[in-house]
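Have a look at the structure below, then the notes.
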């Protein structure tokens, strides 16, 4: 992230930050509580989870060492690859759709008109609905008999109703729509804030030069928004990869495994089937995927945008 | 929407194809813009509206559209009554409040110092620490939850709200530090220097000068932390066993199996769980908008 780049720029010659300089001591002292909490409740369990992934363990008896067996099982397992593919589709397709919708609304809101602040507030409202309420609410939206979506389709005479979350074809996409609904306001706001930072005379100059609105959007707006988009996309895709509630409550991963994503899958393996070792191994694979993605992303970002 | 904007360039001359002058074209454009925007907003808000409709009188879409008066006449609060008196909802609601507030207070106290350290002080290793915080954001919650379940079971923290609060502090901390850090980076350094020349220590300067100044930023961070905690599902599901000790998300999640047909009750509960978020949202809206915008632009 550019902050890290920024921190680097500010670094002083070595003698200024000797380990025992006053600033350094205060720095570590202030950071100590955070490190303690994270160490005990995040890093320690994480290492124990990695350790657990080499054992067969049902949560009650004695763990039994199996080495890399779980990893071999996972990688040769069709089901795992289906779940992995769902997870990636879920995360990345959702982010693209959110960003597009968010950009559309940001363009509309980025002009002066009466009622603009009310419009912004109303569009932020999905963010104020807790995930559990969204999950229950959208389960009703998709209900075959009572749901307003099918109600609308019937009323408009388009069809007798689609099975939505009850069909293996639409389930993942349907849940994704609820996830998009809740998160597009994030993109809308960040785009809006980014647009406010673009100097207005740039557009004026472009207009004088005779370029069209679409051209100035492509050559002024989009490049200016790029750094904001990069950060937001990284955070949102990581949040999406980790998301649990909507899928767990709306479909439970079904029908079959058609909408199953890794977090729900791991939970089921660990707590429904009592395969804590295997579940940990899957979680470790997931961690590796997320770390690889995150680090590649950060590296590209530092080279492309951070350098500017 | 598309036709609306595309039609514009052709109509820039004094009289367009429809015989409209510039001002009238402007007006048509404005009306078209408002019509598009507000119907899209209505579309976005429809699920929330429907949540309310069903919570007071369970109905289908067709029935509601053809006979809204019948819906209004049949409306009552029985869904809300059943949520409050015939389910464990009050327990869950109370537990969610306790856990979210507890985690927010602790997390903000810890993260203020941490963010100040990373955002402001210069020392070797702070870049590494900032990266480390970012990496902890990439830990899958479920990978931490499984061993945490085992650890908490050994230490008697399993199935207690205290344990859940501890887990939530760690869960919310990296994001909170990351949010607040940007604010400290941008404060002028002369502030604490003045206080320190007057003889106070670094800690004294932070408490007396920096904390009061950063109150709005801390408030924003607190809101976000609170929302994370209010929404959290996995840890509560794994670390709590008794329904009466459960928080709202896993508690209400069970309704899917138990209350499958009582949609008025389920929607009443869904709205009930939303109310604290809405209160926070409307009271602190300007902070939230500013925090989101600034956080995103700065980082």
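Glycine residues also receive a Cβ, built from the backbone N, Cα and C atoms like all the rest.
According to TrEMBL, the feature transmembrane segment maps to residues B:205-229, out of the candidate ranges B:205-229, B:230-254.
Of the given residue ranges B:61-83, B:130-152, TrEMBL assigns the label transmembrane segment to B:130-152. Check TrEMBL against the ranges B:185-204, B:265-284 and you find transmembrane segment recorded for B:265-284. Contact between the transmembrane segment (B:31-53) and the transmembrane segment (B:130-152) is not supported, since fewer than 3 Cβ pairs fall under 8 Å when only residues 6 or more apart in sequence are counted.
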